[in-house]
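First comes the structure, then the notes that go with it.
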Amino acid sequence: MDPSGNEDEWSTAGWRSRRTTRVVVWLGTVLVALCATPLAAAHGTSGTHVYAGGVHLEQWHALCLIGLGLGMAAVSAYLPRVLKPSYSHYALWSVFAGLVLAAVGGVLFTQLATATEYTASSIPFPRAWYEPIALLLGFVMMTGSLLLGRLQWPTRPEYSILGIELGLWIAYPALVGMSEYTNPLGYALVLSVPLTVGYILWQDCAGAIRSVLRDRTARRFGGGVALTAGLFFMFAAGFFSFVPEEGLNAPQTATVTTLPTLFPLVTWPTLEWFFPTIPFVGMLSVGVFVIVGMLGGLIGLNAAIIARLWRSGAQTEVTESTVGTAAFIGANACSCCGPIIGQFVILVAGSSAAAPIYWLFVDLASPAGTLFLVTSIALLTGSLLHAATSLADSPACEINERSSSSSVQAD
């Protein structure tokens, strides 16, 4: 082993680490400055008016950010094909910056939306349809999972178990009724699904995930994408907001309280806060933390594997398929696509045209939002299994194993 070569590698790694630290510090300074910028918000019939540093923000500003971010991420995704593997981290951070811009634009688009209220008379179809549709969808998913597991993966019963759990999740409101707020089955479903997903990943992806997490750049990229996705879900689903609702009973001082809330499936202890000087209002329950954490973790692991493959220069099927799959699922998971699509419809066709979308995704009795959620969990898990298999068959794992063994010998 050449000591001079090791010294060069260590000096290069140290320089890159210091440069990354400077970038992180710079981004942190920018975020602190943005948080310190005074905001003012007010609802009105013409929309929500938000001022940041005296600048009146409108929905078209958010659309520009979304377009810029998606375009930046799409263009940057092709850079690993033309760059050397040693420079692929530039493409990763460019993709990450584009995703952050698009997420900020999506959050602004929902926050700047017109305050629209719908009454029960605007429901375009009877709510009595919800229960039979939920039962049918849940039964189809449970039966299909059982049959597919027996035919395709007879030695992996956990796949069928996950499908049955997700089918029960869809059918739960029809099985126990919407008035059952503390049924043990609801708590068991919400907590068992992440455990089943974790067991599947531990059985099939443990080696690939350990290999990826040893790569510092891939680890940071995946963590950043997971955090961005989680925050986007929270804002898009209405759990976080910089535009609090106004009313006679609205608190005028900083308030932190606890209360039970109904989502997902059953009631959960929830922490709620309101800081009028920022302004920032939010709520976080145990159930929401579990679900958003699971979705963000799955998206982050997918992103980390993609980053590892890009850095190694390996050209595999996963670098083509998983990017589009994860991007699509990430935009639709956690039922957050309903509010965003609804706001687009309101912007283009008016509030009356958006009523069906509102009732499909916002009404807790509707199976549409639940269907998007459980489908996202299943597809993200399958995407991660496929990505881990591609990583195990690529030179990336071999490169990582050789580098790890070399470092052990050097020690």
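Including glycine, each Cβ sits where the backbone N, Cα and C put it.
Note that TrEMBL annotation is computational and uncurated.
What TrEMBL lists as transmembrane segment is 23-40 (among others).
The transmembrane segment annotation in TrEMBL covers 60-79 (among others). Within its own chain, the transmembrane segment (60-79) is flanked in space by residues 88, 90-91, 94-95, 97-109, 112, 323, which lie at least six positions past its ends and keep a Cβ under 8 Å from the stretch.
Under the heading transmembrane segment, TrEMBL lists 91-109 (among others).
Residues or ranges marked as transmembrane segment by TrEMBL: 129-149 (among others). Remote same-chain residues near the transmembrane segment (129-149) are listed as 156-157, 159-160, 162-164, 166-175, 363, 365-367, 370-371, 374 (criterion: CB distance under 8 Å, separation of at least six residues from the stretch ends).
Outside the transmembrane segment (161-179), and at least 6 residues removed from its termini, the chain residues within Cβ reach (under 8 Å) are 130-132, 134-135, 137-146, 148-149, 185-186, 189, 192-193, 196-197, 200, 265, 364-365, 367, 370-371, 373-374, 377-378, 381. Annotation source TrEMBL lists transmembrane segment at 161-179 (among others).
Within the chain carrying the transmembrane segment (185-202), a Cβ under 8 angstroms from the stretch's Cβ atoms is held by residues 158-159, 161-162, 165-166, 168-169, 172, 175-176, 209, 264-266, 287, 290-291, 293-294, 298, 301, 377, 381, 384-385, all 6 or more beyond its ends. As annotated by TrEMBL, transmembrane segment applies to 185-202 (among others).
Here TrEMBL flags 223-243 (among others) as transmembrane segment.
The feature transmembrane segment is assigned by TrEMBL to 273-301 (among others).
Residues or ranges marked as transmembrane segment by TrEMBL: 367-385 (among others).
Sequence-distant neighbours of the transmembrane segment (91-109) (same chain, 6+ residues past either end, Cβ-Cβ under 8 Å): 23, 57, 59, 61-74, 76-77, 79-80, 83, 217, 221, 224-225, 228-229, 231-232, 235-236, 307, 310-311, 340, 343.
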